[in-house]
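This report concerns only the one structure given below.
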Amino acid sequence: MTIQQVLLLLLLWMWLPHPCHTEMLFRRTPDLRPKSFGGRALGNDGKVIHRQKRGWMWNQFFLLEEYTGSDYQYVGKLHSDQDKGDGSLKYILSGDGAGTLFIIDEKTGDIHATRRIDREEKAFYTLRAQAINRRTLRPVEPESEFVIKIHDINDNEPTFPEEIYTASVPEMSVVGTSVVQVTATDADDPSYGNSARIIYSILQGQPYFSVEPETGIIRTALPNMNRENREQYQVVIQAKDMGGQMGGLSGTTTVNITLTDVNDNPPRFPQSTIHLRIPESSPVGTAIGSVKATDADTGKNAEVEYRIIDGDGTDMFDIVTQKDTQEGIITVRKPLDYETRRLYTLKVEAENTHVDPRFYYLGPFKDTIIVKISVEDVDEPPVFSRSSYLFEVHEDIELGTIIGTVMARDPDSASSPIRFSLDRHTDLDRIFNIHSGNGSIYTSKPLDREISQWHNLSVIAAEISNPKDTTRVPVYVRILDVNDNAPQFAVFYDTFVCENARAGQLIQTISAVDKDDPLGGQKFFFSLAAVNPNFTVQDNEDNTARILTRRNGFSRHEISTYLLPVVISDNDYPIQSSTGTLTIRVCACDSRGNMQSCSAEALLLPAGLSTGALVAILLCIIILLVIVVLFAALKRQRKKEPLILSKEDIRDNIVSYNDEGGGEEDTQAFDIGTLRNPAAIEDKKLRRDIIPETLFVPRRTPSAPDNTDVRDFINQRLKEHDTDPSAPPYDSLATYAYEGNDSIAESLSSLESGTTEGDQNYDYLREWGPRFNKLAEMYGGGESDKDTS
């Protein structure tokens, strides 16, 4: 491409319309239209190139927000040069809000807004317009894009993000010290007019604070504002738009300002001198009293440190600062003695621990007070010469030997005699005793270090004139060791030797222990009490020894167990020794020397039958015996039951009789004796269906009053069954067919009711309750049917 062609293309591009560079504003009059413009350029061949002329061109429309008119708000007019006014063109609109918020007259191209528009909701709308042929619907102009901008009006007041602000500033701050900045926002357009230009002013809080109009920064307006005089301030700030001019909208907020504390006040004692008292018996560390300096400041600015700076008791007393109460606690540093000194004077200073250099001119930040301490006399208990005693004694001393002496005195001027005693709670076995007059401790029972190496005693000293005032001192008695115990085997040894053992074979390693504790450590020696042809002992010289065999082969049948006495001795003075006996069993072993069996009876058992197998066999035999016993017991119990218990037998076997009685109107009890067979009792006939348990002569019972009907009926039935060859071979009453007569309640059976010709009324059944409703329906309903027929 040549330079001329490049220049030509550049010239063409400059002539093309660009919305971002070319802007034509449209007036809201239908008479004014955007003007068309054209251009030309020379080609390479020198011919004139004509640029096609566009029919319309625009870029932006402007619309005022919050329109209050009753008609649609007119926006602007679109018109194409191709429009001849004959209605052949149609204008169409698309984009943001087209058809709803913005409508266009398709014939004239007039654009209207259908409702009020709020710029704060949306500041501009982008739409596209096009002119098409109404008949062919083909575009006559290319589609163009334009923007409708919403012009702002002052319809929003400034607002603060917080209704109430909280801020703080140190007291005694200089004028102009920044406190806090408040910022209000206005939803109006800041680029259009003064609708969003905010000016700040203070409505409440003067003359203590001020606010910068442009920035909203609140500053102090008075010097040396003191928190101790006033701590809280409330400031009201106003933000007004339109640059603060009249007619602008405004909003307010409240700022609560707190003056924070600085150390501008020194501590002060409320008085110059105080007087304290303390008994001379007070132990070290006892609190005597307290002093307190007040400080008008708070927090760490009010923290005070106390110290003793002068006086004649600086070495006898201390002072400690109590952080939570800011008090100085005076305590005893050394024991007091009324007889030595009775009055002390101290000079105590209180000083702030956090001093601000800016306020040195308000100082000094400290104060002093004189403290006088009087020591009071008390009857003091005895005082021991030591705080504790340690005595050492050998365990083999004789009874009554003095192991040590404790000493105590009465510190009072009266110097009363002292009586000593032992606290028996510390010597429950009463091994020691003490001489009450001189404090000598001696033994009353033998000592044994192996039982107890230390004894911790408590000795009590009391004045004879005042026994209740006592003092205690710990006495530690250490028992020193004496070689009075012989060494013994460390454990019980279960030793065995194999039958196939050879001479010199190791069968056991032994060791010993000794309750004594010599200074040079334990040292034991092992030997045999007598020469043994079977075994020997070899000392390893490390407090252990080895048991070795002296011959080949051992037999369980000849000797199953060997006893080997071993002598163990120590090397302390005096030498102690003991004899321990090893029991060595002869056992059968495998080729590796592992024990298999050690008893001679094991040879009689089958090979491979272990102890577990024998236990299992024994358990099986016991279980079988239990099963046999249970089976025999069940069989014996079943023999006592009747031979025939078949439910298919049509006869009813009478086993027992439950005589209930004849009812509440029966005044004479029924005699069951009439149901028995007197002949069977007299003939002493036994039952043939069960085995008789005991043989006894039946006891004759007195004959019951005659009841001929029942007795004759039963006798007749018994005779019939006795003569019947098909009857079972046992006595039984097979059936009952006798009901009796002359019952007061009469029969309840309905068998005879069908033969009764007389009419009966069963309506009374309905009065008996819901359980007789069915009977009432059966009988009452039947009668009604019969009557109806």
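Keep in mind that glycine also has a Cβ here, set from the backbone N, Cα and C atoms.
If you check TrEMBL, you get these features:
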SIGNAL    1-22  signal peptide
DOMAIN    57-318  domain 'MHD'
DOMAIN    80-160  domain 'Cadherin'
DOMAIN    161-269  domain 'Cadherin'
DOMAIN    270-384  domain 'Cadherin'
DOMAIN    385-489  domain 'Cadherin'
DOMAIN    489-603  domain 'Cadherin'
TRANSMEM  603-634  transmembrane segment
The mean pLDDT across the domain 'Cadherin' (385-489) is 92
DSSP tally for the domain 'Cadherin' (489-603), helix/strand/coil in that order, comes to 4 helix, 55 strand, 56 coil
Helix, strand and coil residue totals from DSSP for the domain 'Cadherin' (161-269) stand at 3 helix, 46 strand, 60 coil
